[in-house]
Every structure is written in C-alpha cells, then in structure tokens.
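Asks: Encoded as structure tokens, here's the structure I'll be asking about.
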Amino acid sequence: MEKINRKKPSCFQRCWRRCCHLLRHRRPLLPRLVRLGQPMVSAPNLLRNQKYSALSFIPQVLYEQFSVFLNFCFLVMALSQFVTALKIGYLYTYWGPLSFVICVTALREAVDDLRRWRRDRELNSALYEVAADASAESAVRLLPSRLLQVGHVVRLAKGDRVPADLVLLRAPDRRGACYLRTDQLDGETDWKLRVAPAATQLAWEESDLNASQGSTVWAERPSMDLSTFVGTLTTSTGAQVPLGIENTLWAGTMLASAGPVLGVVVYTGRETRAAMNSAKPRSKLSLIDSEVNLATKVLVGSVLLVSLLLVGLKGFGGQWYKYFWRFLLLFSYIIPLALRMNLDMAKIIYAFMIVRDKCLDGCVVRNTTVPEELGRISYLLSDKTGTLTENNMVFKKLHLGSLVITDDADSLAEVRCHVTAWLKARIGSDEDSDSERQTQRDGGGGGVTREGADAGSRAAEAVRALALCHNVTPVPGEAGGPADYQASSPDEVALVGWAACAGLALAERDQDRMVLLAGPADAAGVRLEYRLLQVFPFSSESKRMGVLVRDEQSGEIAYYTKGADSVLAPLVQPLDWIDEEVANLSREGLRTLLVARRCLTPEFYRDWSARYEQAGLAVRDREQRLEQVRQQLDSGLELLCVTGVEDRLADGVRRCLETLHDAGVRVWMLTGDRLETACCIARSARLVERGAGLHVFQPAPAAIGDPSVPGGSSSSAAATAAASGISGASGIAGSDGADLLDRELRAAARRVEAGQALALTGAALEAAVAQDERLFARIACRAPAVVVSRCSPTQKAAVVRLLQRHTGRRCAAIGDGGNDVAMIQAADCGLGIAGREGRQAALAADVSVSRFEQSARLLLVHGRRCYRNSALLAQFVIHRGLAISAMQAVFSAVFYYAAVSLFPGALMVGYATVFTNFPVFSLVLDRDVPATTAEKFPELYRELLKGRELSAKTLWVWTAVSLYQGGVIMYGSLWLFETSFLRIVSIAFTAIVLNELLMVACTVRTWHWLMSVAELLSLLCYLLAVVVLPNYFDPGFILTLSFLWKVSVITAISAIPFFVIKFVRYYMRPPITRKLQSGADSPAWFEQAGRLRRPIEARPLLSSMVDISGGVGGGPDIELQPPDSPAGPGTPLMMTLLQSRT
C-alpha cells in the first residue's frame, strides 16, 4: 500500500539525487567547544526555503516535468517533428500544447519560489546586535542574520525572532528567566520558560556584551531533538555549570518576555534544530491520480495497438516503421496531455471552495493534492482528547481511599474547612510540628505512613500536593482580577484551579520558588513560600512529572509526583483500593492521575543533590544518568490521592459520528488514555451504538508477553511485530501463550461477526499483530468500531499502515496534539485540529479544521463533490481525445491507411484548448445535489465508496461512446454529404466541437453562471477562428443553409443516441440522487424523509445496508418512502433504493 501512496522516483531521479549527494560537500556534525565572543568557522546562517536557484530553475523544472511519463512521451513526439521523414504538420502542432503545459507549470513554480525567496531575504537581512572585536571602537555592532557565526554573543529584544540556536547567558529578570513563543517551531502555543545559568546571570551587566571573555561552552553534536540539550558552561574562573534544554533559545522561536537578553550562538544554518526538523513532507498520491495514471497507461497501449493495426492493414512493406511512427503521432491525442494540468488546476479550485465554505470556519487546506481523496475515505482514525472531546478539563472527583471528594458545593466547602484547619494548626504550632516532622522522616529518606492521620489532614495534604506538583504558571488577570493559569496540559490547569477553589491558590512562580495563597478567596490569605529545588517535567516515556520542594517556613523537603496509574501504582506503598477506584473513575469517563509524596531528610537530599549534579556534568549519556539518579526518589512513595477530571465531548461529535457511520466510514479511536475511560467515551460519543456490544480484547498476561509471567517474552514475536510496523511488541510466550492468544482472537472474531465493536490496549495490539497480523486485521476491519487505548504515537502510525496494507482502502486520521503528527502524516489524508495543545497537528496536516464535527461536511459535501467532478473531468478529457482520434482512424482507413493528418495543426491545438477546454473544465463547478442534501443523506457518500465514478467499466463505456461519435461524424462527413476536402473538414470539425459542447451541457446537473460563460466563450472562439483562419474553412459554404442542416444532422445522430440511452436509464434505473430529489417534492414525505428530524439523542442510528468490508450493520432505519410509493408507505427509504439498484 505504501507504493500506492507515494510517488516512486524514476530511475533518472534516483541517479540525479545520487550524483548531487556525492558532489555536495558537508562538514561532519561533531560536538564543539565554543569560545564566547570569538567567532569560529561554522555553517552559513542562511535560512533557505527556496526550491530553486537562478541557475537551476530552468534545468530543474524541465527535468521534473519530463520525468512525468506523459510529458516525456510528448517530448519525444515533438522532437521527431525535426525529422523530415516523420514530420506531419507544423511544429507548433506538438510543441504548442507541450510548451503551454510546461510554461503554466513553470510559472506557478516561479511564483511560489519567488514568495519563498522574499520571505527568506527578509529574515536573513534582519539586523542583530553582537559583541564587537576587542580592536573595534564600539563594543557593539550590527550584523545581519546571515553573517552570524558560532561564538557570537547576541542581544535580543522583546518580539525578536531568534536567528540561530543560542545558549541563554543573561535575562533582565533578576533570576535570569525569560519566556519564548515556540508555536512556529513545535506548534505549541504555551510560552516556554528559559533560565540563564546563575554563573553568567549574576556576573554580567545588562549592557556588557564583552563580559564573556574567557568563558567557553561545550555543546553536543547537532541533533533533531527539540526537547533535550547537553552542554557545559565553563567560566573564566574554571567553574563548570551543566546546561540543559532550559538554557537554550532555538532558532525560529520568538522572545515573548521583556528584553534585552544575551545569548551565545552554538549552532547556525542547517545545523540548527529548526533546519534539521524541516524535512520535506511525504508526497501523497491521491487515489484519483493513481486511477488516472492507470487509465493513461491503458491509453498509451491502445495508441500502440491502433498504430500497429493500421500498419498491418497497410502491409509491413518498405519503411513500415516510418508509417508506424507517423500513426503514433496522429493518434497521440488519445493520450491526455492536458489532463494532469486540468486536474491540478481543479485541485486549486476545490481548495478555494473548501476555504470559502462558511460552515467550515477556520478550515485551511495545506496540501492541494488531497481534496478528491476526501471523497473515498473508508476509515477515519481519531484521537480522543481534544478531538472527540473539548480538551477542557473539569475537576470531578478526588479519592483518598476512605473519603471521596466531588465537585459539588458541599464537598468543596468541606475541603475548605479541612484546609483552614490544617493552616491554623500549621501557624499555631510550628515549634511542636518540628519534632513531629522529624519523627515522620526516616533516616534513609523513606516514605511516611499516614495510617493514623484523619481524613481532614489527608485531604489538606492532597490539596497542597495538587497546588505544588505541576508546571503551571500564573498570569495576572485583567483589571486586577484573579490570576489566569497557563500550562501545556489542561489537566494541570484544572487541578491547580480546583486547589485554588479549595483554599490553596497558586499566586506566584518563577524558576526557583512558588508562592501559595492560603485562605478564603475573598480574604487576603496567608502566603506560603516553597523553594523549587528541582522540576522533572512530564515525558511520554516516564508518563509522570514531579517536583522537589522545600517549605521555606518549616524547612521540610518533599518530593511530589503525579502520573498514570500504570506507572505509579507499582511505586507507591501497596493499597488494596487503588485498582478498584481507578477502574471506577475510568468507567465514569474520567481521566485519572495518581498523586504521591515522599518526605526527605536534609542529609538524604544533600547526598542525592550531589549525585544529581555530578550526573548533570556528564558529557556522555547525561540523560540516562540523570534518570537513574532521579529514580532514587521513587522508592517508598506515599499515595496521597487519585484524581478524576472530565473531558467533555466536543459539540456535534455524536451527530458527526452517526453521520459518518451512515456514510460507510468506519471510525477508530486511538488514545493514550485508560481502556475503561476510552470505552466510556466511545459509548458516550455514540462511536459504539446504543444497545450494541463492546468486546474487550484483553488476553492474559502470559499471552501478551508480560515479563512478570514466566516465559512471557519472545524475541521472534517481537521481530514479527517490528516488521509489521508495530514497535515495542513483547511477543508471545511459547506455545501456551500462543494458544491463549489464538483462542482470544477466535473469540474476538465471533463477537465481531455478531456485530460488537472491538476494544483493546496497545500491548494487546502488539501481541495480536505478532501472533497473526492477517487474522487480526481481518477481525478489526470487520468491526463496526475499534477503540485502542494506551496507544503510543508510533503505534498510531503503525495502525494506519496496517489498515492501508490489508484493506487497500483510503484512510484518514484526525488529531489535535503533537502525539498525533505521526498518524496524520502516515494517513492518506491527514486532518488536524488547532487545539489547546498547540498547532503542531494542524501544521502537519493536509487539511486543518477547527472542530471534529466539520469532518462530516468535509467528506460528505466537499470530498464527494471533488472526487465526482474530477472523475467526470478526467472522463471528458479522455473522451475528447478518443473522439477526434476515432475520426482520424476512419479518415486514414478510408484513404487506404494513409498516415496523413485530417485536421491542420492550428485546429487540433484549438480543439484541445480554446474550443472545448473551458466547458470541460467548468465541470469542476457542477453539483449533483445541494450541500444540505449531501449532509442529510450520508448514504450518497456510501455509493461513492463503491468506486463506480471512475472504473474500468466507465472507461470502456466512454471509449465506446467516443468511437461511436467519432465514427458517425467522420463517416457522415465523408460518405453522405461532401466530396470537397475543405468542406469535409468544415463539417467534421464543426460537428465534433458542437458535439463536445452538447455533451458537457447535457451532463451538468446544476448550472453555474461561469458554466454558461464557458460554453458561450468557446462557441465565440470557434466562430472567430472561422473568420481568422479562412484557409482552414470554406467561409462561403459555412454561411449556407446546406452547411447548417448537414452539421445539425450529423451532430444529432452522434449525440442523440447517447442522451436517449442516458435518459431511459435515468428513469428505468434512477440513481439515488434522483429518488431523493423526486421524493422531496412531496411535502408529506418531505417531513417523513428526515428533513425535520428528531434530536439525535432520541433518534436511532440509520441502518448500514451496504457494508464495504463485510461488517454488520447498525440499528433500524427511519427514512421512509412517500405514502404513494410502490414499495408501500413506511418502507425504509435506503432499503428500497438499494434493492432497486441491485
């Protein structure tokens, strides 16, 4: 399936790239020692997004265009016209169309590249203040961005774009903090905190750019990782300071806080993180492009066969190969040279119409190759959080074991009382509490048990943990109002916000301290200050975050951590209620987190801090060593609470999923959340129909290779899974595990056959793929819906490839976060939502939308219309070339197989352009049904999925029509009417032009004013050609009545049978669109048919009467026939429609 989705480079392209790679000289990427203020030789700091240069533009454009098979064929044919023996007509006959196609493409490429060049020039010319040489008169000089080198010390002001990768040296904040906007780099909209090393922040003055003399920075080799950095700052005194990601300013980001800030350049140009992550996106080839390419190859083969046939009938005597080549040239119009250009222009029109749709506010088409792809989507893979849900977290429950705290007012008031009591005890008995805390600590830094503590004290400790353990930054509110909380995780904002309501509000935070305001919201409150000793941010590997804080009043040191239950549950002291309560919260659809704490003695902290600092100075494997030291804090953790936050469904999700189900699109939900939470959301969103079962595929631990089970791993199974694209599979444990898993797969197959949806975890997915990939794919593809929980970004992309590989159908993926980018890029059509987690998914997507509910209209209205119109456009372009080539074949056969052109070159060029192309291209504006009807009746989309719009059958039908019409026009002109060749040309050419215009006019369903203009403009161009080109026509004969009735008769004979057959078929076997339109004329049926539908909560799902993958349909259908229907009143509409079609 990958071969279908990607444009495979030709042999010429592979050779060209290989030669360029060998000739291109690149410096190796190595670690470097940067001397501050002393520039060193480095990669040019040029931002270059241009595709071409002034010298390479013409050769590269020509190479790319002639790498296309069609263009190359026409190039060979055009070159053959320089050979006298092969010359048929004027050179412009073949060079004209080819040059037009190449020039249009070159012009488009030139305009796009010019825009990129202007943008690059603007950024490369931006001026920055840098430290001057010691010999310079001024300490500061201005340099354009393109001249910056490694070692330059740069000063940035607020709003400045960071020109290269820098290490922060000083910020105006007294603690060396500044904030960056990174949305243009990683798509995340929250500001990032960056901190200058204390050694440079305290020693330098704001205006002293030359204070860096004698200091050095060791930096790791350039890499693509945006989230890590390993470096070491050595001051002039010899002191070494470890540098991490919090000390960096990556190129492409923007300084959001007040300046100025100072930084030293460590990477430039192509070695910056932004440049190394700016790889070209995977080129996607749409399904209609694949179908058109296949049809084109068939047409090329037909040209060869027809030419060979005519040569054979003439006789293979003499220089027969010359005649063969001349016939190839004469029938070359069968090959649709302009088809590719027409389809590319149509894609631009489609993208414009999508963006202009008022119902799709905020929609952006970033890849114009996929509009038609939206019309053939069979599977839609969706993220949960922020996609199906709002990603607007609301606190719901806090579980303490014996006490459950909810979000109601009474429960909140009770918690405030507990916090107030804890605060009074803390203030009133500081001296007594010192000895108590010392008793609570163990000598080795172990955990603290609270078995004897009352529920109130535990509630207050849980609230304090939520107020301290996070990465939230308070932002002052407007007009002195309450502070707003900003963080990359909506979960943390919800928990910190609830802690503020409970009596502990986060008031201030910087890089080394936090201030909590304790007390009622309407009172001044008590300030509680905590020193931030260390922050361990969340990562997808650790699945938890933590903070190490010291209470400034009491001196108590504590380590707080929160994360997924699968990670923290094994680390905390055993409690029998954890698994049960976490499962209960998940079944309510809540996202759960475990919060734990460990108190540390000063001695233990000093020892641990020294080890952590030593690990931070390591040059090699720094991250691994830091993680090993951090894990020493995880032993003896005390569980404080389990939190549950609700992520509400986004507006319109239920109706959208129901509509997609009726349209034959199967939706899979891939999420990193717990299985119970994912299943609850699936039922709530109606991804799983009401009343339908949900089979949980959850093999025993031995079957999924749990390492804790004896024999629970297998390298061979893991290798099988890895080969399938599912990473991290642990495999099957021997024959027992394989048998267990095989039985589970067979049971899942029986449940799916019975109509149940399928739910499983990422681990179960890995094991099933390793066991029998084909069987699992067959089971999953037959399920009406699939839910995969605990799914990593790599697994999401692997699921997409699994579907593509085993179904051969088109897959779309939609998500809103950075963890969805891999899935979006792997899909045939990627949809991104600009959500609370940032714009990374939206920027990586082919089409970005603002809400999930817009995907239904995008597919059912625009996708269906784009694919249908492009299919019709392709068929008309093919028909146009086949019809005139049929006339040429008849002409050659009648005149003893002479390889002579029927029409002059000017007429042939005009026929393919100004005489017929405008009406044919205007078909992209056609609408067979209104947009409201396409949305109201999603079964129309299901019909499109059958692939009948552009298939082998339709190609043969259009071929037969073209041969008939071309033959009738030519034979009629030759035998029935005229003997003068000039009059034959006049009659035949006029008839073929009128025939094409009539074919377009009678195919249009909904007339757009531009369609009428296109028809009239083409007719006027033809009349103008008759006047301007008298040598090709007989003007005197054209003005006679004889010419008019002869052309009319021939045109009628060629066109009327086609329309009669089409008319009879339209009424004898009407399409669904006509039944919908005719049935809607009855006002009574209008209401019955669903225009005035009941609310979705009270309406059953429509029946899935046609299953493209063999799955089981849904519930009963409520679409009814009109009272006078032959099928009887009340008969389900779609049942009758589909029975009539079969």
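Start at 1 and count along the chain as shown; that gives each residue its number.
Heads up, the Cβ atoms here are built off N, Cα and C, so glycines get one too.
I grabbed these lines from TrEMBL:
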DOMAIN    45-95  domain 'P-type ATPase N-terminal'
TRANSMEM  66-86  transmembrane segment
TRANSMEM  92-111  transmembrane segment
TRANSMEM  292-311  transmembrane segment
TRANSMEM  323-343  transmembrane segment
BINDING   Asp383, Thr385, Asp816, Asp820  Mg(2+) binding site
BINDING   Asp383, Lys384, Thr385, Glu492, Phe538, Lys562, Arg591, Thr671, Gly672, Asp673, Arg790, Lys796, Asn819, Asp820  ATP binding site
ACT_SITE  Asp383  active site, 4-aspartylphosphate intermediate
REGION    430-454  region 'Disordered'
DOMAIN    842-1070  domain 'P-type ATPase C-terminal'
TRANSMEM  877-899  transmembrane segment
TRANSMEM  905-925  transmembrane segment
TRANSMEM  955-975  transmembrane segment
TRANSMEM  981-1004  transmembrane segment
TRANSMEM  1016-1033  transmembrane segment
TRANSMEM  1045-1068  transmembrane segment
Asks: Checking the binding-site residues Phe538, Arg591, Gly672, Asn819, which are within 10 Å of Asp383 (Mg(2+) binding site) at the Cα level?
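Replies: If one measures from the Cα of Asp383 (Mg(2+) binding site), the binding-site residues that come within 10 Å are Gly672, Asn819.
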Asks: How about long-range neighbours of the transmembrane segment (905-925): same chain, 6 or more residues beyond its ends, C-beta under 8 Å?
Replies: 89-90, 92-93, 96-97, 100, 333, 337-338, 342, 345-346, 349-350, 869-870, 872-873, 876-877, 880-881, 884, 985, 989, 992-993, 996-997, 1000-1001, 1003-1004, 1008, 1010-1011, 1014-1015, 1017-1018, 1021-1022, 1025, 1029, 1032
Asks: Same chain only, sequence gap of 6 or more: which residues have a CB within under 8 Å of the CB of Asp820 (Mg(2+) binding site)?
Replies: Asp383, Thr387, Pro793, Lys796, Ala813, Ile814, Gly832, Ala841
Asks: Please work out the number of neighbouring Cβ atoms within 10 Å of the Cβ of Gly672 (ATP binding site), leaving out its own Cβ.
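Replies: Within a 10 Å radius of the Cβ of Gly672 (ATP binding site) lie 22 other Cβ atoms.
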Asks: Going by a 10 angstroms cut-off between Cβ atoms, which of the binding-site residues Asp383, Asp816 has the sparsest surroundings?
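Replies: Each of the binding-site residues Asp383, Asp816 was scored; lowest Cβ tally within 10 Å is Asp383.
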Asks: Given the transmembrane segment (1045-1068), which of the listed stretches 66-86, 323-343, 981-1004, 1016-1033 has the most Cβ pairs that are under 8 Å apart from it?
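Replies: It is 981-1004 that shares the most Cβ pairs under 8 Å with the transmembrane segment (1045-1068).
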Asks: Distance between Asn819 (ATP binding site) and Thr385 (Mg(2+) binding site) at the Cα atoms, whole Å?
Replies: 11
Asks: Between 92-111, 292-311, 323-343, who has the most Cβ pairs under 8 Å to the transmembrane segment (66-86)?
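Replies: The stretch with the most close Cβ contacts to the transmembrane segment (66-86) is 323-343.
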Asks: Tell me the Cα distance separating Thr385 (Mg(2+) binding site) from Phe538 (ATP binding site), rounded to the nearest angstrom.
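Replies: Counting only the Cα atoms, the answer is 17 Å.
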Asks: For Asp816 (Mg(2+) binding site), what is the secondary structure state per DSSP, taken as helix, strand or coil?
Replies: coil
Asks: How many neighbouring Cβ atoms, not counting its own, are there within 10 Å of the Cβ of Arg591 (ATP binding site)?
Replies: 24
Asks: If you measure every Cα to Cα distance among Asp383, Lys384, Thr385, Glu492, Phe538, Lys562, Arg591, Thr671, Gly672, Asp673, Arg790, Lys796, Asn819, Asp820, the residues said to bind ATP, what is the biggest one in Å?
Replies: 25
Asks: Taking only the Cα atoms, work out how far Arg790 (ATP binding site) lies from Thr385 (Mg(2+) binding site), in Å, as a whole number.
Replies: 12
Asks: Six or more residues beyond either end and a Cβ under 8 Å away: which residues meet both conditions relative to the transmembrane segment (292-311)?
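Replies: For the transmembrane segment (292-311), the sequence-distant neighbours (Cβ-Cβ under 8 Å, at least 6 residues beyond its ends) are 69-70, 73, 320, 323-324, 327-328, 331-332, 334-336, 339-340, 343, 874, 878, 881, 885, 889, 892-893, 897, 899, 950, 955.
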